[in-house]
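Taken straight from Swiss-Prot:
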- 20, 21, 62, 65, 66, 67, 128, 129, 130, 171, 181, 218: ATP binding site (BINDING)
- 66: Mg(2+) binding site (BINDING)
- 291, 310, 315: DNA binding site (BINDING)
- 1-181: region 'Large ATPase domain (RuvB-L)' (REGION)
- 182-252: region 'Small ATPAse domain (RuvB-S)' (REGION)
- 255-346: region 'Head domain (RuvB-H)' (REGION)
């Protein structure tokens with residue numbers, strides 16, 4: 001047993017969170033195609049001595065959109081400013097941000113789909129012409145003022161590409177879609193995180209944490225810290241598969257990475273609505289969760305793992321979901337599954 005003090009103070013936890021984040025594109029694990037393209041665009045911008053074109057990251061939460069934005073600023077050697085769509089309440093807030101940017105700085109706006117229409121209108125000329133068009137005064141005394149801005153790079157992130165207006169979406173020269181990570185990529189992240197936290201972990205222990213992390217690095221970091229806590233209290237020098245499994249089971253994360261909320265979602269559709277189809281508003285009411293949270297956080301992983309189908313009539317559970325819940329699937333679901341296997345054989 002190590003003589004390290006398991007009582008870690010808040011400062012160290014904050015440092016640990018920052019250290020777990022990769023600092024360069026070479027350190028960043030996963031998203032190989034996106035990283036390769038970003039390297040080219042960053043290098044080209046540096047050679048030209050110009051600001052990088054505006055970048056839009058699209059994907060579920062926790063896949064590294066903010067981290068990639070920070071890395072891009074570091075690789076470009078410029079300042080990084082960060083905010084989010086809901087924080088920019090009025091045009092003046094955006095104007096204050098933009099006028100404080102220096103040449104080629106990176107401005108990161110998370111949840112850009114939540115910008116108000118008035119703020120979005122101000123953003124168009126800022127992105128395209130690097131100018132602010134502001135109305136000063138009211139009534140007959142009102143006048144239009146143009147303010148020149150430093151040539152900056154806007155890096156934006158969204159989980160809901162469909163909520164972006166076409167004029168805003170078209171102004172991003174570099175759209176980047178991020179996908180869920182493979183178990184192998186997450187396993188590497190787990191081992192790296194364990195080294196940083198000075199905690200031993202076996203190969204099967206790392207894989208157990210990785211495969212139950214919903215394909216998401218942010219969840220990997222959270223689960224690894226909690227598994228580490230269980231291991232320390234148990235007096236273990238190394239996290240093996242048994243310790244990881246016990247810790248994750250106590251955290252109610254099952255062997256497919258589904259947590260309590262995921263299982264409630266599946267059970268509501270299965271037990272209350274016979275497996276669907278059922279509308280999203282009905283599910284949201286049953287879970288007492290907002291629709292956005294369900295569509296952004298719960299459903300993407302369930303769909304990717306084959307538990308759920310979105311149809312014009314509503315959400316429908318697949319045979320995989322019924323099997324995972326340990327419930328008998330309706331006859332039509334079994335028939336569809338058998339028909340799919342038959343078509344594959346053909």
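Backbone N, Cα and C define each Cβ position, glycine as well.
Mapped onto this structure are the features recorded in Swiss-Prot.
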residue	record	DSSP (3 states)
62	ATP binding site	coil
128	ATP binding site	helix
181	ATP binding site	coil
291	DNA binding site	helix
310	DNA binding site	strand
315	DNA binding site	strand
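Look at the region 'Head domain (RuvB-H)' (255-346): DSSP puts its residues at 58 helix, 9 strand, 25 coil.
Pairwise Cα distances among 291, 310, 315, which the record gives as the binders of DNA, peak at 14 Å. A distance of 19 Å separates the Cα atom of residue 62 (ATP binding site) from that of residue 291 (DNA binding site). When Cβ atoms from all protein chains are considered, those within 10 Å of residue 62 (ATP binding site) total 22, not counting its own. Nearest by CA distance to residue 181 (ATP binding site), out of the binding-site residues 291, 310, 315, is 310.
Comparing residue 315 (DNA binding site) with residue 66 (ATP binding site), their Cα atoms are 31 Å apart once rounded. Looking only at the binding-site residues 66, 128, 130, the one with its C-alpha closest to residue 291 (DNA binding site) is 66.
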